[in-house]
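These come from TrEMBL:
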type	residues	note
BINDING	Arg25, Glu36, Phe37, Pro38, Gly39, Asn121	8-oxo-dGTP binding site
BINDING	Gly39, Glu59	Mg(2+) binding site
DOMAIN	4-130	domain 'Nudix hydrolase'
Amino acid sequence: MQKPLIRVSAGIIRNEFKQIYLTQRLEGQDFAQSLEFPGGKVGEHELPEEALKRELEEEVGIHVLSAYPYEHFSFEYPNKIIEFYFYLVEEWVGEPFGREGQEGFWVTQSELDAGQFPPANGMLIQRLRSEC
Ligand SMILES: Nc1nc2c([nH]c(=O)n2[C@H]2C[C@H](O)[C@@H](COP(=O)(O)OP(=O)(O)OP(=O)(O)O)O2)c(=O)[nH]1
Ligand SMILES: [Mg+2]
């Protein structure tokens, strides 16, 4: 059987202190306990940027004012292929929090640790660390 292809949009929410807001995936989700950039699946009739804005409202309660495409790549997991759209978000309204009960915290960009994220995030974390 062919692996399903899903599209995922996620936000690199960065404040003026070069800290990035991360959340921890919940028990029962795939990659439970991993850190993640908040985001989720792009709906069938949705643009990636629309999905980003919707997901950040739903998951961390912020209203995104502007978002810039940062990385776009596909990653093959054993059971699915994910096409990722990562956006840099530096302008928003509200204070992010784990709106679905998940933990959330600010981490300094240079201290991001790829080992705490799902495997797909490796290259992205490397790039973020190198750009500090
Ligand atoms: N949001 C997010 N997902 C990631 C990252 N890295 C990574 O491998 N993923 C994977 C985990 C999931 O398999 C998929 C994201 O889907 P999701 O479970 O967040 O989807 P969703 O928010 O729409 O949730 P649901 O309604 O389907 O439960 O992408 C990341 O940095 N952020
Ligand atoms: Mg999600």
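Heads up, the Cβ atoms here are built off N, Cα and C, so glycines get one too.
Any TrEMBL annotation is an automated prediction that lacks curation.
Annotation note: Phe37 (8-oxo-dGTP binding site) sits in a coil segment as assigned by DSSP. Sequence-distant contacts of Glu36 (8-oxo-dGTP binding site), defined as residues of its own chain at least six apart whose C-beta falls under 8 angstroms from its C-beta, comprise Ala10, Leu22, Thr23, Gln24, Arg25, Phe117, Pro118, Asn121.
For Phe37 (8-oxo-dGTP binding site), the same-chain residues 6+ apart in sequence whose C-beta sits under 8 angstroms from its C-beta are Ala10, Gly11, Ile12, Ile13, Ile20, Leu22, Phe86, Asn121. The record assigns Arg25, Glu36, Phe37, Pro38, Gly39, Asn121 to the 8-oxo-dGTP binding site, and the maximum Cα to Cα distance across that set is 14 Å. Less than 8 angstroms from the CB of Gly39 (8-oxo-dGTP binding site) sit Val8, Ser9, Ala10, Gly11, Ala51, Leu52, Glu55, Leu56, Glu59, each of them six or more residues away in the same chain. Cβ neighbour counts within 10 Å, taken over all protein chains shown, single out Pro38 as the most crowded of the binding-site residues Arg25, Pro38, Glu59, Asn121.
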